[in-house]
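Colleague: Quick one: this structure, given as structure tokens, is what I'll be asking you about.
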Amino acid sequence: MEPCLLMWGILTFITVSGYTTDLCDDDPPNLKHATFKALTYKTGTVLNCDCERGFRRISSYMHCTGNSSHASWENKCRCKSVSPENRKGKVTTKPEEQKGENPTEMQSQTPPMDEVDLVGHCREPPPWEHENSKRIYHFVVGQTLHYQCMQGFTALHRGPAKSICKTIFGKTRWTQPPLKCISESQFPDDEELQASTDAPAGRDTSSPFITTSTPDFHKHTEVATTMESFIFTTEYQIAVASCVLLLISIVLLSGLTWQRRRRKSRTI
């Protein structure tokens with residue numbers, strides 16, 4: 001029942017707030033041995049406030065709100081314990097608000113909630129205490145996701161691998177990122193091959209092409225000479241054969257003429 005209420009709340013929020021952005025209906029593409037992340041989130045993006053086992057959420061979701069000049073996350077996520085010992089209304093706060101605790105690695109990489117680098121976009125929201133290990137976002141049209149291969153895998157082709165949620169023929173769809181991840185163990189010499197491929201053009205790299213151009217010219221010359229000699233020998237053989245056939249024809253005609261004269265002399 002709770003997921004239905006959550007979706008109803010998200011749709012109500014979008015309708016009441018006057019957002020004209022559309023939520024992406026489908027999930028982002030799932031590539032084998034690859035993960036994706038969003039560097040920034042467009043206004044209208046919704047994040048579920050999911051808690052780990054033994055805790056329940058007080059607010060259902062966070063949403064990225066703002067305008068073209070400023071955007072930030074609203075409705076901070078908080079989790080409350082459901083165990084009998086802690087049912088005194090104690091609510092856990094953000095890790096950075098608790099004294100004596102070191103910030104997690106994710107916190108150190110995440111800027112404050114109101115700090116935004118790109119205008120009209122929200123940054124990754126900071127973690128909250130007893131947060132679920134997996135975050136569920138509801139993206140809007142125009143959101144860009146960046147894909148990269150997992151550890152131990154390498155991309156078959158270099159270049160940016162992005163997926164963008166677009167509206168195509170009235171339906172929201174994610175573009176397919178051009179990324180294929182292959183195990184690094186299958187290509188042990190991939191780094192050397194890539195290094196030779198990515199070598200900048202210069203005197204050292206261009207010299208092999210200069211040295212190979214001369215032998216290629218000699219090869220073409222030798223081939224042409226060979227073809228000419230072959231044509232010459234063929235023509236010579238044809239001429240000799242024609243002369244032989246001509247001599248044979250003369251001998252045959254002479255023999256036939258001699259036989260006719262001999263027959264005539266006998267009849268007389």
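Here the Cβ of each residue, glycine as well, is placed from N, Cα and C on the backbone.
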Colleague: Just choose from Cys79, Cys122, Cys181 the cysteine that Swiss-Prot connects to Cys149 via a disulfide.
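Modeller: Record-based pairing for Cys149: Cys181.
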Colleague: Given a 10 Å Cβ-Cβ cut-off, pick out the one of the disulfide-bonded residues Cys49, Cys51, Cys122, Cys149, Cys165 that has the most other Cβ atoms nearby.
Modeller: Cys122
Colleague: I'm trying to understand the geometry here, so how far is the Cα atom of Cys51 (disulfide bond) from the Cα atom of Cys122 (disulfide bond), in Å to the nearest whole number?
Modeller: 22
Colleague: For Cys79 (disulfide bond), list the number of other Cβ atoms lying within 10 Å of its Cβ atom.
Modeller: 23
Colleague: Validating a neighbour-count step here. Other CB atoms within 10 A of the CB of Cys64 (disulfide bond): how many?
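Modeller: Its Cβ has 24 other Cβ atoms within 10 Å.
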Colleague: Let me spell it out: take the topological domain 'Cytoplasmic' (259-268), skip the flanking residues so only those 6+ beyond its ends count, and list any with a Cβ under 8 Å from a Cβ in it.
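Modeller: The answer is none.
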